[in-house]
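> What TrEMBL records for 1-25 is signal peptide. TrEMBL lists 145-482 with the feature domain 'Peptidase A1'. For ASP163, ASP367, the entry in TrEMBL reads active site.
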Amino acid sequence: MEEKSKIRLLFSSSLLLLLFSLSAAVSNPSQLQTLLLRPLPSAPTLSWTDAEPESDSLVEISELNAVSSNTTLEMHLELRHLDAFSSEETPERLFDLRLQRDALRAETIYSLVSKAVARNRPRAPGRPGFSSSIISGLAQGSGEYFTRLGVGTPPRYLYMVLDTGSDVVWVQCSPCKNCYSQSDPIFDPTKSRSFSGIPCGSPLCRSLDSSGCNKRRMCLYQVSYGDGSVTFGDFSTETLTFRRTRVGRVALGCGHDNEGLFVGAAGLLGLGRGRLSFPTQAGRRFNRKFSYCLVDRSASSKPSSMIFGDAAIPRTAVFTPLLTNPKLDTFYYVELLGISVGGTRVGGITPSLFKMDPAGNGGVIIDSGTSVTRLTRPAYIAMRDAFRIRASNLKRAPDFSLFDTCFDLSGKTSVKVPTVVLHFRGADVSLPATNYLIPVDSSGTFCYAFAGTMSGLSIIGNIQQQSLRVAFDLAGSRIGFAPRGCA
């Protein structure tokens, strides 16, 4: 009898401990956070001042790879969202267009990676005598943010999309065989004192995945995109002016034939990890460091920002190592180990779901041009179901577009929602509520802003990156995340 009493006492104690733990979990504020309900953002204003910097305040880098000085530079840029080119559209239409671009970009990334894995250098049909590569950079889905910078000497100020999923820098040039509509006059290289063609045999020309030559034995480039868009022209070097910093001899494409679904910027500033991206070309002078912070436009009217140099790395950042895909050097791969919802690690989400195999399949990339985070489907379903259970007090709404977990929050100004934490190797990143429960219409419908994918590749998109400073420390081969990074 005494033994049975001990067993009963032990069982009762365990039950009480379990009930106490469950009660604590429910009441613990770390399991929930407040979501302030804001409407879909309208298009931002497309305004910029093209003031030429004073000569005494201008920092000039004439040779990108010069190492005669130990001084590293800093460069600060303002960023605007692509919606500024569609200022007459309604918020609902802008959001619909964003999701269309997003679907195109994700599809093209998956296609690009699968082709690269299948054959190390994917080939596409090119012009006669010119072998082209499908290089990352995705036309209509080529990036959601842009800046304004000067091209040439004297500088002609142009809008340029910034894209961590692209390498080659290029701009539309006259004379144009085919040019799409852009907000500024098309750049004329004959009016620039610093424009210079690149000879076919030069190392820069050989740095292209594949290169062509014109009759004068000068280098040609071609970038093809998954939607059939293409840019083709002279591969050259030119000076770029970023506010008070002038960077000389940047290798870029001067596109005379640009066809397809491009949006109103004049060109693209590739920020990928490849040999011809701007961070790689300018790396030594900026210590191979840059970062960005993308504002939540529903909560703030101030612009997003980008920093190059040591100042790009915030002291409060937590870091995760960068991984390398042996078949594709453009994308920024990281290791995701798990996900917590409501303060609890989601069961069934194991590191193996996000692992990149030796052939380059799978893995996780951080991407500025994809909006919605896509997780390999088993991980997404487990996380989604965990969120639904913990948000069961919220009124459900019908599915919307690619979102299958939506809520009717009409008439409310704020709600409590389960927390979401991404567990990268060495870095636990807590997401603000506005980074995963977002408005999708003007009727108070909010959706869980993740999606599943049948691909083995997961993509961390820019909605989930909002208000975080995402720091790319290429010298240290790591990526950092700092909360409230847009201040």
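Including glycine, each Cβ sits where the backbone N, Cα and C put it.
Keep in mind it's a predicted model, so treat the numbers as computed, not measured.
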> Measure from the CA atom of ASP367 (active site) to the CA atom of ASP163 (active site) and give the result in Å, rounded to a whole number.
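That separation, Cα to Cα, works out to 8 Å.
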> Please report the number of other Cβ atoms within 10 Å of the Cβ of ASP367 (active site).
26
> Let me know how many other Cβ atoms fall within 10 Å of the Cβ of ASP163 (active site).
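Its Cβ has 27 other Cβ atoms within 10 Å.
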> Please work out the mean pLDDT for the residues of the domain 'Peptidase A1' (145-482).
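Per the prediction, mean pLDDT sits at 93 for the domain 'Peptidase A1' (145-482).
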